[in-house]
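Notes for the one structure printed next.
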Amino acid sequence: MKNKVVVVTGVPGVGGTTVTQKAMDILSEEGLNYKMVNFGSAMFDVANEEGLASDRDQMRKLDPETQKRIQKMAGRKIAEMAKESPVAVDTHSTVKTPKGYLPGLPAWVLTELNPDIVIVVETDGDEILMRRLSDESRKRDLETTASIEEHQFMNRAAAMSYGVLTGATVKIVKNKNGLVDKAVEELISVLR
């Protein structure tokens, strides 16, 4: 029997991983145990095993065909996990590459995952820019507020297309500065 598959997306620095992890912790205390899977980590495991990337941020620079092959392999691994328990897939709706936006969940991954819900975590572009500038643990390309907002627009468009292709609902969750608990509660209400 298929368990619920929820995809949580957002641009780098929006706080999607933080919001999702906090929600998972609260739901676990209530007895609802999702397996949280980071799609980028699953892809990195494949890329690293093949000697293609030594850190996650290098994967964005791989050629599109290599990225697509890695996505497909990671999607298969995650789909197998959903047979055992509900899964929350932490990923990006789109990945900004030097050659344009790459869908984070192309048709071959969507077919495997068949998500029930696609969640897009967002906030204002200037808040994301400030978060990125203060995060010294990642090697991110410098972007403007306008380019971050364009990326968020592309994420919404991609999320809706994922919903059209799978029948999944699409939910926007706002993660404003200082209001992470509100974002967590909104996410929990969708995951229950």
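Glycine too: its Cβ is placed from the backbone N, Cα and C atoms.
Taken from Swiss-Prot as is:
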- Gly10, Val11, Pro12, Gly13, Val14, Gly15, Gly16, Thr17, Thr18: ATP binding site (BINDING)
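Same-chain residues that are not part of Gly10, Val11, Pro12, Gly13, Val14, Gly15, Gly16, Thr17, Thr18 yet have a Cβ within 8 Å of the Cβ center of the ATP site turn out to be Val19, Val121, Ile128, Arg131, Asn175. Cβ crowding, taken as the number of other Cβ atoms within 10 Å, peaks at Gly16 among the binding-site residues Pro12, Gly16. Packing around Val14 (ATP binding site) is summarised by its Cβ count: 29 other Cβ atoms lie within 10 angstroms of its Cβ, all protein chains included. Sequence-distant contacts of Thr18 (ATP binding site), defined by Cβ-Cβ distance under 8 angstroms and a gap of at least six in the same chain, are Val180.
Cβ neighbour count for Gly10 (ATP binding site): 26 (other Cβ atoms within 10 Å of its Cβ, all protein chains included).
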